[in-house]
């Protein structure tokens, strides 16, 4: 069975299963929901089975490789494969998408299209992390944008058209640089088009060309991650999207930028990365503090959490720029950790809005009396976000801290400066998160709740189940981080072996 096309099955199963949904009766909401949830769960179980039985965790090379001709005259192949870098993010995709599907249970408007788009997005994201061909990588990068665009445009809030336009302009504009860079790398040095990552990694480019390619790819990933100053689409998008879509955006979409930065910029363009690494660290440090300060000034709950996400992505940049095993391990762990925590916070923001019908913090207050379970969960995940010891965020941020401190690439003064800025960001994080909790749950009673009993307003079994599923891996990773670090540790060492610091 090792020769079975497992990865092709994993990539195509959701979208092919989604093609059946249009044949369901339009009023069969429950049937569509359960069918989609069943497909997501089956996909996640299949991913887990394949990785447990066929993936060698101590081997840094690409495994489960598949290569099929797709478009002969372009030498365009369907090339798939996984390694330690992709396995954690594919598992995260399966886990978050399954829970986001369950979170979307209240959606009743045009459910057939909604759940088809959820499954199409699932395939696009898994396909991107499994791609071993740079043109296929670009194809999956673009394919994933279409479901997000429609989910935001149709099921978004009042300003959804503005947010959708901004989202597509930023992301599609950045994608052009991936296509241009991919074709340049593919044609360079030969009339034969070379697109697979393995052959591209063996190519040598003039330093000037490598720098230009690096900057082009970096712009695309800076939009997606996002990196200051190309981040402004994210708060608008999160502010208008349905909370199940927000879970996918925060949990998976942002991680595509970090993945591309490691997979292409670090692995394929190591000389340019060595030059730009100090700038990446500097931007990451500035982003942590800048986004934290902006987050504190936000009145809108979802926008505050969105800026919190931008701040936390600064740690990913510092870890990538540190060029140490510890720092890069921390960066990847931060992507996984934030995927879980960010998805939980946006889900909590969504179910809070369902009850209060407002996202403005200054219009809330005293809701802990009416929503004690939501209050408990919101407090727990906020503690995880501010990197409380014993939770995954603490381990990730500590590794990034340690990575920059032990790096031999930077001077003592530079490391001290970056560490101080990081520390300021870590101090600001509890300020805006605890302030958020105070405004939401403490103080005067929320007047709109006076006619409801506590049991009517608090989280139900479905919502509690989603939150418990998210808190378990956050605490588990925090207490035993090696359970996930072992997935990509050998790959991190392999990537950094290309650099001489």
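The backbone N, Cα and C atoms fix where each Cβ goes, and this holds for glycine too.
Swiss-Prot assigns the feature transmembrane segment to residues 331-351, out of the candidate ranges 331-351, 352-372.
Swiss-Prot lists transmembrane segment for one of the ranges 190-210, 274-294, namely 274-294.
Under 8 Å from some Cβ of the transmembrane segment (386-406) lie the Cβ atoms of residues 281, 312, 315, 318-319, 322, 324-331, 333-334, 336-338, 340-341, 415, 418-419, 422, 426, 429-430, 433-434, 473-475, 477-479, 481, all in the same chain and six or more residues away from its ends.
When each of 4-24, 35-55, 242-262, 331-351, 464-484 is checked for Cβ pairs under 8 Å to the transmembrane segment (134-154), 242-262 comes out on top.
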